[in-house]
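Scroll down for the structure; my scribbles are underneath it.
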Amino acid sequence: MSDLHSSPTDQTSAPAHAGGGNRVVIVTGMSGAGKTMALKALEDMGWEAVDNLPLALAASLVRSGGGMARPLALGVDIRTRDFGVEPVLAALDHLMGESGLDVRLLFLDCEDDVLCRRFTETRRRHPMAVDRPLLDGIRHERALVSPLKRRADVMIDTTNQPPGEFKRLLAGHFGLESNGGLGVFVTSFAYRNGLPREADLVFDARFLANPHYVPELKPLTGRDPAVAQYVAADPAFGPFIESLTRLLEPLLPRFAAEGKSYLTIAVGCTGGRHRSVAIAEHLAQWMQRRGGKVELRHRELDERGS
């Protein structure tokens with residue numbers, strides 16, 4: 001996600017029936033990781049978004065007017081009055097004790113070098129770098145908020161997330177129309193560019209025959225039938241897919257039973273263009289046939305516009 005502070009927000013209309021008024025999400029994380037964009041996206045989805053409300057007033061806001069007409073998103077960071085790990089966790093526990101509320105903690109993270117670039121490009125001062133170098137301020141904040149990351153129900157890393165993909169992730173976790181049931185993100189990726197940090201399950205496809213070394217297949221991707229057929233012709237493909245689906249069949253309902261709203265499954269190969277793409281496509285189709293909610297992303301292809 002490049003420059004979360006200045007990227008324009010898609011203008012999507014809120015659902016006609018907002019509903020879900022018993023839901024509360026506390027949005028926190030690293031400064032510059034996308035809290036403002038997240039709150040705006042949630043607002044576009046029908047949530048009431050309130051930023052930097054003093055923590056002592058959070059419970060009062062929930063109870064005001066005899067309850068909430070819409071679900072509530074509370075933005076909290078180190079600029080918030082009374083901010084601290086203990087006060088945030090105390091407010092979270094207090095809200096969770098309110099009868100009938102579904103309360104979640106969303107933590108937004110991002111790699112330090114990308115945060116540095118965002119603050120430098122936007123010429124904004126990091127709130128903890130007033131009297132110290134920018135990177136030192138970021139590292140100090142990371143140490144401060146690390147207990148919140150460990151406690152989070154949902155963690156989204158925005159390092160490589162385009163704004164549109166970031167909003168789709170938020171919609172998957174918090175969209176009012178998707179209340180209930182487990183949704184699955186399937187993503188392909190290149191090992192040479194690092195693991196997707198949001199992945200819950202990771203599978204390695206590098207043992208399969210590589211279409212990269214077939215001249216007529218090299219410029220294509222795993223979306224193309226010729227590449228998909230080449231990958232599927234590998235004798236190891238069938239047993240791998242069978243083992244993978246047999247593993248996922250009982251796992252998916254167990255994740256749903258634990259209250260997980262979205263699961264990210266990542267499939268990797270060397271370049272992220274052929275084998276991992278073909279398997280991710282196959283896996284997404286299998287899940288769709290089961291009637292599941294599936295979103296498919298090819299990280300390397302999407303970033304290159306392939």
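Note that Cβ sites are derived from N, Cα and C of the backbone, with glycine treated the same way.
Here is what Swiss-Prot records for this protein:
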{"type": "BINDING", "residues": "G29, M30, S31, G32, A33, G34, K35, T36", "note": "ATP binding site"}
{"type": "BINDING", "residues": "D77, I78, R79, T80", "note": "GTP binding site"}
{"type": "COMPBIAS", "residues": "1-14", "note": "compositional bias 'Polar residues'"}
{"type": "REGION", "residues": "1-20", "note": "region 'Disordered'"}
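Cβ neighbour count for K35 (ATP binding site) (all protein chains, 10 Å cutoff from its Cβ): 23. For R79 (GTP binding site), the same-chain residues 6+ apart in sequence whose C-beta sits under 8 angstroms from its C-beta are S31, N52, P127.
Cα to Cα, G29 (ATP binding site) and I78 (GTP binding site) are separated by 9 Å. Looking at I78 (GTP binding site) and A33 (ATP binding site), their Cα atoms lie 13 Å from each other.
Remark: of the binding-site residues S31, T80, the most isolated position is T80 (fewest other Cβ atoms within 10 Å of its Cβ). For the pair formed by A33 (ATP binding site) and D77 (GTP binding site), distance between Cα atoms is given as 11 Å, rounded to the nearest Å. Between the C-alpha atoms of K35 (ATP binding site) and D77 (GTP binding site), the distance comes to 9 Å. The GTP site, placed at the center of the C-beta atoms of D77, I78, R79, T80, has further neighbours from the same chain whose C-beta lies within 8 angstroms: S31, N52, V76, F83, P127. In this structure, T36 (ATP binding site) is part of a helix by DSSP.
Taking the C-alpha positions, the distance from T36 (ATP binding site) to T80 (GTP binding site) comes to 13 Å.
For D77 (GTP binding site), the nearest of the binding-site residues M30, G32, G34 in terms of C-alpha separation is M30. Cβ-based neighbour count (10 Å, all protein chains) for G32 (ATP binding site) stands at 26.
Taking a C-beta cut-off of under 8 Å and a sequence gap of six or more, M30 (ATP binding site) has these contacts in its own chain: L108, D109, C110, L115, I138, E141, R142, V145. Between the C-alpha atoms of G32 (ATP binding site) and T80 (GTP binding site), the distance comes to 15 Å.
Shown are the binding-site residues T36, D77; the one with the most C-beta atoms within 10 angstroms of its own C-beta is D77.
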